[in-house]
Amino acid sequence: MSEPFSRRTLLTAGGAAAALMSLSGCGAVQALRPASGGADTLVVHSQFNGAVAGADVFRAIVEQYRKNTGRSVATLSNGNDLPIVFETSVLAGKEADIAIVNMMGKTLAWTGADATVPVEKFLQPWGLAERIEPGAIEEWTTPEGHLRAFPYTRTNWPVAFNHRLLEEAGVEIPLTSEELINAADALRSKGVGPVSIGGGDWSGQKLFIQIIQSYLTADEAAEVFASGAFSSSPGAMAGIKHFAELRDAGVFVDSAQGFTSDSMLTQYNTGEAAIMSSMSSALAKVPAERAAETTIGGWPVPPQAVSTKPTVIQSFNGMGVWISENGAEKLDLVEPFVQWLFSEEVITQFVLESGRDMNALTHVTSQDFPLVAQAQALAAGDTVDPVILPDLLIPEAVFEPLTQATARAFGPGTSPEEIVEVLEASYKNA
Amino acid sequence: MKMPRISGFLAWGYAALLVIPFYYLVISSLKENDDIFTNPLSLPSTWDFGNYREAISSAELVPAVANSVIVTGLALALTLLLAVPAAFALSRATGRAGRLVEATFSLGFLIPTFAALFPTFLLAAFTGLFHTRTFLVFLLPATAMPLAVIILTQFMRTIPRELEEAASMDGASTLTILRHVHLPICVPGIATVVLLCFLSFWNEYLYSLIIIGPDPAQRTIQVALPTLQLTTGTDYGVLMAGTVFTLLPVFAVYAVTQRQMQKALVSGAVKG
């Protein structure tokens, strides 16, 4: 009868186990030592991690700060799950001193729930009032007048047109809906997809919202997206009908309702589609070959629209620098680090090396990310009309159902009335 | 003989169903996004392992794997340390108390993982072990005890009492009987428990995320890996490479324990 496990196997396993136990115990491996939460250490919890644009820059500037000041900074990181991890840490009183995270969903409740402290009182004394876009301060301020966090990155959401593919199809960059429909026909006849979009996820939701905003003023849009009363807004109804017309005219790629933002980006990058509505961080991921044949513009103007120029979603929303209750007790450590984050040196590094749009005032424009630079120039010019990013208005519980509703809207055969029904149901059932 | 042919065909078909996703995973880990989406099943044009380098460095996978190995290894050792004597005692118990304890272990299956999250979080905070790997090392065996004890108890019940009686007559203590009589016979059962618990501990995400937390020096592989997924523009080649990297220890453990696990399954079938 053979031994069930050979002596060598058992010895190897035992040796490995002993070695691993000693790893954490004897401190032989520095990398596995927990970040210190001591009084002299600043703990920063951020979404700049993994493969996120700017993660490398963030690591570098934190290291630079450590070297320059000799101070201890511990970095913690999460992706989209950061809010839930931060909130449970708050309950245990072990949250990081600073959180660098998006303002959406759960984080919107942080200031009111005292999970983080309002930061308006630090703006002047820390010299940040002159460093941050006034519009950003306004957008990040609660209705009660409290600044939730220091606004750090922002969102610019233009439309990318592959002018080579459009030229080959015999059309120019469309500026109106009629031109867009003609361009879609011409592109399809050449075997190229027209507008690529992730109809099944948030990217489709954003484009849908952008299209119907062509028929809404900013105030009307804010009211409609906060309440979900689409059917009582003539502008929203006109926008939804127009969306259905565009869809039925074949403006979007086939099966758009099943695609995601990743498939949208791939279709554009591979030249399978000639147009995409894309946030600037995605524009930074367009390869050089495709970027060279791309022109950045706005979404074409529909007939009888409120907007008179092509539209671009613009928002000061993005990642912010939030200070926790623990951080409020270590302001002597928090202040110099936040000032470092907003320094010209760091902002320049972010703009040049990561292609990020920043809320800090700077004259530096992206060079290695030409499409991001084009988008910034477009936003600063007067050839497009800005429309709102309604993430702050849409109730958190509605966000996901609304994306499912807009996915249905991208599906062929869904009538404007059915679209309104599913949109309103997503608000009522949430 | 048509039946063997059909069953052989079905077996190969089933094997292909399992192999194709794995093939897709491995070849995608060597490609770029464009290639993954346009030629999903074709071989990569170049054998470049840059995606692996990128995944390992940007998600800090090496310390994450080390943490997973530490947590999983210690939790497994603790599980066996507790489950083997418990199963030995239950398999030999003849009274009502034994049946009650065994039933109590079975009740553990009825507790949904998610429902225990908040009390577990409170316990971690109360004990001062929140944001430590130590708490998870103690928690994971608790979640695995019902399965481990039930499997091992059934295994030990198949061992003839005469063996134990003969050993007792030779002067063997209870501990000696467990170590020299039961354990060698139960190795297939132990291997089964090791494999099942290893998979469960290695793949655990929710508690690792909440309890161990976001510190890259402490987080496990299942918490580190999702950092490769982005809101937009995910590099799927890098994500697949990271996934393959996290699967390697699973294959290693399966390679070591598979023979014993098969024995356990076959012995059950024969004894039917």
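Backbone N, Cα and C atoms are what each Cβ position is placed from, and that goes for glycine too.
Keep in mind that this is a model prediction, so the values were computed, not measured.
Now, the feature entries from TrEMBL:
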type     : residues  : note
DOMAIN   : B:65-257  : domain 'ABC transmembrane type-1'
TRANSMEM : B:9-27    : transmembrane segment
TRANSMEM : B:69-91   : transmembrane segment
TRANSMEM : B:103-129 : transmembrane segment
TRANSMEM : B:135-156 : transmembrane segment
TRANSMEM : B:177-202 : transmembrane segment
TRANSMEM : B:236-256 : transmembrane segment
Same-chain residues at least 6 beyond the ends of the transmembrane segment (B:103-129) whose Cβ lies under 8 Å from its Cβ atoms: 86, 90, 135, 138-139, 143, 145-147, 149-150, 206-207, 210-211
Interface-richest range of B:9-27, B:177-202, B:236-256 toward the transmembrane segment (B:69-91), CB pairs under 8 Å: B:177-202
Other parts of the chain folded back onto the transmembrane segment (B:177-202), taken as Cβ under 8 Å at six or more residues beyond its ends: 68, 71-72, 75-76, 79-80, 83-85, 88, 140, 143-144, 147-148, 151-152, 154-156, 159, 163-164, 167-168, 221-222, 249-250, 253-254, 257-261, 263-265, 267
